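A.B. asks: Pulled these features from Swiss-Prot for this protein:
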type     : residues                                                               : note
ACT_SITE : D312                                                                   : active site, proton donor/acceptor
ACT_SITE : E496                                                                   : active site, proton donor/acceptor
BINDING  : R152, W159, D160, N196, R205, S206, Q207, R277, P278, E279, G310, E511 : substrate binding site
COMPBIAS : 548-565                                                                : compositional bias 'Polar residues'
REGION   : 538-565                                                                : region 'Disordered'
SIGNAL   : 1-30                                                                   : signal peptide
Amino acid sequence: MKSPAPSRPQKMALIPACIFLCFAALSVQAEETPVTPQPPDILLGPLFNDVQNAKLFPDQKTFADAVPNSDPLMILADYRMQQNQSGFDLRHFVNVNFTLPKEGEKYVPPEGQSLREHIDGLWPVLTRSTENTEKWDSLLPLPEPYVVPGGRFREVYYWDSYFTMLGLAESGHWDKVADMVANFAHEIDTYGHIPNGNRSYYLSRSQPPFFALMVELLAQHEGDAALKQYLPQMQKEYAYWMDGVENLQAGQQEKRVVKLQDGTLLNRYWDDRDTPRPESWVEDIATAKSNPNRPATEIYRDLRSAAASGWDFSSRWMDNPQQLNTLRTTSIVPVDLNSLMFKMEKILARASKAAGDNAMANQYETLANARQKGIEKYLWNDQQGWYADYDLKSHKVRNQLTAAALFPLYVNAAAKDRANKMATATKTHLLQPGGLNTTSVKSGQQWDAPNGWAPLQWVATEGLQNYGQKEVAMDISWHFLTNVQHTYDREKKLVEKYDVSTTGTGGGGGEYPLQDGFGWTNGVTLKMLDLICPKEQPCDNVPATRPTVKSATTQPSTKEAQPTP
């Protein structure tokens, strides 16, 4: 039996989707949001804190994923009675009262597989099904099967999934693509948004909003029917990201929305909670304690919001790249997020038109145009010649170049002259022997140099191609694929991230060991293999020599930068 759709009708506040410009109200009906499952740190209170602080497990995620064997209130009561007794053994207490997550079986691929064969063979290995879960499980049920990243990640993750789905589509698994879109739509209907992952402790935040792009991907196979089917969920997700906008005054922020002094509306990353993350409890407490000059709750919120960005962690969010406790994610307006919001507005316009609602389509187009102007005005650093994040504290665009700067090109929001400058900056500052650097800063954090990540390689490749910069796009794909191939030849696996300063080495840094699998690397690798090799002669491994760039398949943009006041 598949888990049913939410049984109680949801009621969601009417969304003034075009209030930003025309102050006309748009009503979107949703159903009444059910009771939100409580995360383990709330369910277990002091017991959760004590277990995590005791470091019973090498990975803090282990206990966050453990399932209570009975009512957590009863377990907590027993703990309070027993904890001060002579000979009390906390590890034994945990073993008796909780079911710990099982280690996944080690997958041993068949000998002699090509890179493509290896990836195609991994899809069933990484597929999970959780139509039903235990009552106190932190895992949230989903109606359809889904593909997980791999390694310690035993659940589905929001933005990872889009790049995984690109690979599923490339392999012809459109049924799995449709299943995953249906799952994310189910989460929007059930919780009002797509959480970071399908765990109760991820519900307080989302991740980079790729749902509309997932629907657009599915529409490549199913046509406009997919756009019309999921239009209500896309509208609900948009409402989540814009929640609170109707009450904002110039210069204010509310949750995920920012209203600048001139009335420009942009978005930021935000987590609704300001406590340590259950899956990184001890690390977050240590980070907060290391900076007594800031309230711990402020640091916790910024750590959580960085997790919402997908870039956890990066010098991009920090004042001092060597000190994580200086991060201030919530006071930064990210260029990648606002590019994705622009794309969401464009797809909403397209879906509304497909559904026969031209008036609503025009309103979404108006919103997209306004956001595009905001991106060009606030998220372009004219002095440096690249897109960058905007700093709400200094009221200036930041100077740091990161791979996120390619997102305006990826969503076709960039002016052509600026896209050309981005191509130069990318080749000069970010391109390395093993692919695209995330940043040029070595901080020890995993979203910094020398690490390169598959989704950013694809965003850059596709974005540069959109503007006719095919040589740089080919360089990125070729360098990254060579890295993936060399690592695979040696270790017979694909990994989460790569050291791009060389080829054949997995990346380092971060809060946990390097993970293999790996969903989004698999997806991007397949897309790139099919990009560099002609369709009439597809390649199963990376060719020995760099292919030449053929005639453009994508029309470059003809937009020029508009002067900003």
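Here, residue 1 is simply the first one shown, and the rest follow in order.
Cβ from N, Cα, C; glycine included.
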A.B. asks: How many neighbouring Cβ atoms, not counting its own, are there within 10 Å of the Cβ of D312 (active site, proton donor/acceptor)?
C.D. replies: 22
A.B. asks: Would you pick out, from the binding-site residues P278, G310, the residue whose Cβ has the largest number of other Cβ atoms within 10 Å?
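C.D. replies: Result of the Cβ crowding comparison: P278.
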A.B. asks: Enumerate same-chain residues with a sequence separation of six or more from Q207 (substrate binding site) and a Cβ-Cβ distance below 8 A; give 'none' if the list is empty.
C.D. replies: Y157, Y158, W159, I194, N196, A308, S309, G310
A.B. asks: Cα of R152 (substrate binding site) to Cα of E496 (active site, proton donor/acceptor): how many Å, rounded?
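C.D. replies: So the Cα of E496 (active site, proton donor/acceptor) lies 11 Å away from that of R152 (substrate binding site).
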A.B. asks: Which residue among the binding-site residues R152, R205 has the fewest other Cβ atoms within 10 Å of its Cβ, if you could check?
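C.D. replies: So among R152, R205, the binding-site residues given, the one with the fewest Cβ atoms within 10 Å is R152.
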A.B. asks: Starting from the Cβ of D160 (substrate binding site), draw a 10 Å sphere and report how many other Cβ atoms land inside it.
C.D. replies: 27
A.B. asks: DSSP secondary structure for R205 (substrate binding site), reduced to helix/strand/coil, please.
C.D. replies: coil
A.B. asks: What is the number of other Cβ atoms found within 10 Å of the Cβ of E496 (active site, proton donor/acceptor)?
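C.D. replies: Around the Cβ of E496 (active site, proton donor/acceptor), 27 other Cβ atoms lie within 10 Å.
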A.B. asks: What does DSSP assign D160 (substrate binding site), in three states?
C.D. replies: helix
A.B. asks: Between the Cα atoms of E496 (active site, proton donor/acceptor) and D312 (active site, proton donor/acceptor), what distance do you get, rounded to the nearest Å?
C.D. replies: 14
